[in-house]
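Taken from TrEMBL as is:
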TRANSMEM  20-43  transmembrane segment
TRANSMEM  63-82  transmembrane segment
TRANSMEM  94-115  transmembrane segment
TRANSMEM  137-154  transmembrane segment
TRANSMEM  166-189  transmembrane segment
TRANSMEM  195-216  transmembrane segment
TRANSMEM  237-261  transmembrane segment
TRANSMEM  273-296  transmembrane segment
TRANSMEM  317-339  transmembrane segment
TRANSMEM  359-378  transmembrane segment
TRANSMEM  390-410  transmembrane segment
TRANSMEM  416-435  transmembrane segment
């Protein structure tokens, strides 16, 4: 562990940050790219009905990703803080226990999912029109549920073991394979929704296989120990990972609520339009999550070693990066909305008009979203779980539910698109107030 610890604690902070940033963002983009490619191929190969079915299924990925990050980010944060404090044996026990529980959880979900596809489809919001396509897609995803969960869990530990490059290679390889298989299964073999799902699942399994090569390499400092269940250790991991889980799960909840609201207000065409918006948002959120994952190993180990100046410097760089990225996507949406729509569908008429209108409202949220995600990750990386959970719950559930209940009554369908803006803005204000109050209390005690 000494070499890795030395680099993260005493190496040039800018160089370390950009190394982790590049690999983490590229890795997260590859994950979202799998779903994005499904959307493009389904939109062009199956049509708006396929897009609607896919959007109904997307929350299942949020659940898988959320569980993977719950164990991965939670365990990796505990691991790095333990290393920073010099508690090497404890860090290995955290690693072993987290990985075993993650694998067990994934296998259980795979077994339950395979035998309950139809029930899960209806729970996700499918109706008689969409259930057939939804079941097709779920049948290709659920039996390999464990691979989606494990990919995030293992990737987090590999990054924290100072090998972000392998994590990036694994997810990038999976993304490229997904594109190839998508084309073959949908257009060459005519396998439809099931083919798209199988392509994504196989890519995820390959991702996990590549990540596992780290454990037999000379670079690996992670050691498996005898499994010894500790409730205290599990609680620590779950508390650390809860903010990441909430963010992912809330994304699924948002899609579910938006789908129901749009079906009620403007019908299936609204869900198809939102499918395009949701997938662009998925890419943007992936970049922001990549930034968050990049700072986690650096902040956790330096915080554990009491090097607070390095912690604050990394936070500042991450906030600047997030704002620049958000601004680029916002400007792109305002200037080229029709180009964005055409990437996903060759249809014309109502779906194009609705989506272009939605982009002009929804993309405002990108200006603030990254700042909130970075601040949540900053507190999470220091094991300040209360602050991190407040941010995650506020932007992911509380203000979104308030917004979707109130704004459509005032602005009609535009109120749905403004809900994301409302949630991010209110969370930003709440976080700013929290920081100011905490600073005042600190000065008072000093």
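Here, residue 1 is simply the first one shown, and the rest follow in order.
Just so it is clear, glycine is given a Cβ too, placed from its N, Cα and C backbone atoms.
TrEMBL does not curate its annotations; it predicts them automatically.
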Exercise. Excluding the flanking five residues on each side, which residues at least 6 beyond the ends of the transmembrane segment (137-154) place their CB within less than 8 Å of a CB in that stretch?
Worked result: 31, 53-54, 57, 60-61, 64-65, 67-69, 71-72, 75, 98-99, 102-103, 105-107, 109-110, 113-114, 117, 120-121, 170-171, 174, 193-198, 200-202, 204-205, 207-208, 211-212, 214
For this session: Decide whether the stretches the transmembrane segment (273-296) and the transmembrane segment (166-189) have at least 3 CB pairs under 8 angstroms, with pairs required to be 6 or more apart in sequence.
Result: no
For this session: State, in range form, which of 94-115, 195-216, 416-435 has the highest count of Cβ pairs under 8 Å to the transmembrane segment (20-43).
Result: 195-216
Seminar exercise, completed: Spatial neighbours of the transmembrane segment (166-189) not adjacent in sequence (6+ beyond its ends, CB under 8 Å) are 22-24, 26-31, 33-34, 37-38, 41-42, 45-46, 151, 155, 158-159, 195-196, 198-200, 202-204, 206-208, 210-211, 213-214
Seminar exercise, completed: Most Cβ pairs under 8 Å to the transmembrane segment (63-82), of 94-115, 237-261, 317-339, goes to 237-261
